[in-house]
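The following features are taken from Swiss-Prot:
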type   : residues : note
REPEAT : 57-96    : repeat 'WD 1'
REPEAT : 99-138   : repeat 'WD 2'
REPEAT : 147-185  : repeat 'WD 3'
REPEAT : 188-227  : repeat 'WD 4'
REPEAT : 230-269  : repeat 'WD 5'
REPEAT : 274-313  : repeat 'WD 6'
REPEAT : 316-346  : repeat 'WD 7'
Amino acid sequence: MPKVDPETQKLYDEINGLIKKFQDDHKAKADCTMQEKCGDMSDIPKIRLSSKKILKGHINKVNSVHFAGDSRHCVTGSLDGKLIIWDTWTANKVQVIPLRSAWVMTVAFSPSGNFVACGGMDNQCTVYDVNNRDASGVAKMTRELLGYEGFLSSCRFLDDTHLITGSGDMKICHWDLEKGVKTMDFNGHAGDIAGLSLSPDMNTYITGSVDKTAKLWDVREETHKQMFFGHEMDVNSVCYHPSGNGFASASEDQTARLYDIRADQQIALYEPPQKNTGFTSCALSTSGRYLLCSGIEGNIHSFDTMKVCHNGMLQGHENRITCISLSPNGMCLASTSWDQQVRLWL
């Protein structure tokens, strides 16, 4: 490793000291634990989801999945260079969209179901109108959003005309899709953006990063409002609590965590029975009681958020699970994997 000069090392030490003081101050304000407050609550049933359908069509690793607002359709992106829009009720393909670059890492469905977006190692975000087709019969490309200096890791629609993206250049961008212009840059992370989750009211969002932190942002302001520490490795995924008052995170450090935004700190930590897997993605049930986390070993772990205990495991994938997405109505969980499969859990 290159030698660090004394002045730079002094700055590093000063920053780390401030971070530790910040964390210690937060811990001192935690007057109780989740287990103490929720210990007398009734246990919830073991998770009983099973893999009812396997969506087959991709011929390479599937990296991302996201549901439309109707809870029926989902879109998946794979290294085979295709987006596939699925009807999850019938397990049929609705559309297949060939991509210019096969290195797709993230996909998003607009809440209305009218548009899908994707991006990855091509350092751009591409938006398609699923209701309009070009001369070849493929969904019409409406926007190519350029200007990234790193891979695109996450994207989410605020509505049909606005999109938020996170990328490997440590930036979050707000786009006006009607004009095709970037309206705002959000800067604050010190590492690649890895995950992004919108609040239920669409006014704020959470990001997770390789810098081991999660941050809260207001869509109208360029600087973050809160920063959350705790993880010891990359924060791969974040998911807003249905109440809008907290969020869950999943990390390479083999833990998931629950944060309370109002208390400005972590309130629970979740670990698998055997610490043999980092977590790649997370989702909260519509009640907020179940936390689901996908692992690099190919299983989906379920946790009781209130009792802070492992609640079960969903098995079926044969390789690393890359992404999970819960339908807005909470009735179906979709998962994607390096085993080229998309599974629906009901």
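Cβ atoms here come from the backbone N, Cα and C positions, even for glycine.
Each of 57-96, 99-138, 147-185, 230-269 was scored by its Cβ pairs under 8 Å to the repeat 'WD 7' (316-346), and the highest score goes to 57-96. Stretch with the most C-beta contacts under 8 angstroms to the repeat 'WD 3' (147-185), considering only 57-96, 99-138, 230-269, 274-313: 99-138.
When Cβ-Cβ distances below 8 Å are used as the criterion, the repeat 'WD 2' (99-138) is approached by residues 60, 63-70, 73-83, 85, 144-146, 148-157, 159-160, 163, 165, 167, 175, 177 of the same chain, each at least six residues removed from its ends.
Mean pLDDT for the repeat 'WD 1' (57-96) in the predicted structure: 98. Secondary structure counts, DSSP: the repeat 'WD 3' (147-185) has 0 helix, 25 strand, 14 coil. Residues of the same chain lying 6 or more positions beyond the ends of the repeat 'WD 1' (57-96) and with a Cβ under 8 Å from any Cβ of it are 102-113, 116, 118, 120, 128, 130, 138-139, 322-329, 331-332, 334-338, 340-342, 344.
DSSP states for the repeat 'WD 1' (57-96), grouped as helix (H, G, I), strand (E, B) and coil, give 0 helix, 23 strand, 17 coil. DSSP assignment over the repeat 'WD 7' (316-346) gives 0 helix, 15 strand, 16 coil. Applying DSSP to the repeat 'WD 6' (274-313) sorts its residues as follows: 0 helix, 22 strand, 18 coil.
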